[in-house]
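Structure first, commentary second.
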Amino acid sequence: MASNLPQERNHEACLLIRDLDPMVTESLLMELFIQAAPVVKVFIPKDKLTQQHSGRAYVEFQSSSDAEYALKVMKFVRLFNKEIKIKKENKDKVDIGANLFIGNLDADVDERILHDTFSRFGTIIFTPKVMRDENGVSKGFAFINFDSFEASDAAIEAMNSQFLCNKPISVTYARKKDSNERHGSSAERIIAASRNTGYLNQQQQQQSSSTSSTSTISTSTPQQQQQQQSQPLPPPIVTAGGIIHQQQIQQQQQLQQQQQQQLQLQQLQLQQLQQQQQQQQQQQQQQQQQQQQQQQQQQQQQHHPHHQHPIPHPHPLPHQLRPHPHPHHPPPPPFNPMLMQFNPMMMPFGGMPPPPPHK
């Protein structure tokens, strides 16, 4: 899996992260480790068929000092309620480990059965892996990795040729990736023992340094305490799984703001569309009213044709005392005083008025 890494990376500035949860992604590791130091790249080896990682990742920094600082700061960090293991990558790494090959497995044997069966011999580093085909059917063999050769030797002696789910299994050391040699050789055991002693010495040094640092902190001056408080702290840890930091919060806030802006724009567009539709409806109504008025006028003109003038001509102004004759309206009859009726009641009392006196 590690052979898929690009060879031009800086091994001195690279960290190896193990025991990762399947939910961990490269972007999440980038956001986590960039809080400690500038990150060049993050690589998680994945299986070609399943596209799932085995819990390992590589994080490359700009310099070895950045990698060492991130190694100190990111210890005891938990991702998805699972503590991760971090260490420096070794360029001259050799495929060393108490890795076992279990063959002739029954189809009913799964990872849980293997773990429950072999965990009594020692600590299992990784979850036992049963090899399966594309349909999820077991191929009949699996791999188990112990933390020591004593545990793997005990497992071989106790479980080789033993029945597991109605089939006798074969337990041997697995072959190495780059050669046909098997694990468990004397040279490999010597190298593993030297590494274990070196790891124990490192742990003792770390414990002694931690105790000395606690004593110095208790006797430090206020100025030293202020300097220590000004140093960057590790990111906050959430025990329920996952890490919350400022970058994620800012990204979420930015996304929420963008969504709100998009909603506001959509609402404005909807309002504009509604206004345009209302204006169009009003224009259509006005046009319909005008058409109706025109139709009514046409109907009235058809019912009263004598009011229409075939030849337009100006109407003369009427006379003050009598109307001017009009070609369409006959003039009134002439005045005839004989036709007037005498009404004595209209006269004053006593008959006719007396004549005026002579002067």
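The backbone N, Cα and C atoms fix where each Cβ goes, and this holds for glycine too.
What Swiss-Prot lists as compositional bias 'Low complexity' is 202-231, 293-302. Taken from Swiss-Prot, the feature compositional bias 'Basic residues' covers 303-312. Swiss-Prot lists 13-91 with the feature domain 'RRM 1'. Taken from Swiss-Prot, the feature domain 'RRM 2' covers 98-176. The annotation region 'Disordered' is assigned in Swiss-Prot to 198-239, 293-337.
With DSSP states grouped into helix (H, G, I), strand (E, B) and coil, the compositional bias 'Low complexity' (293-302) comes out at 10 helix, 0 strand, 0 coil.
Using DSSP to sort the residues of the domain 'RRM 2' (98-176) gives these counts of helix, strand and coil: 22 helix, 27 strand, 30 coil.
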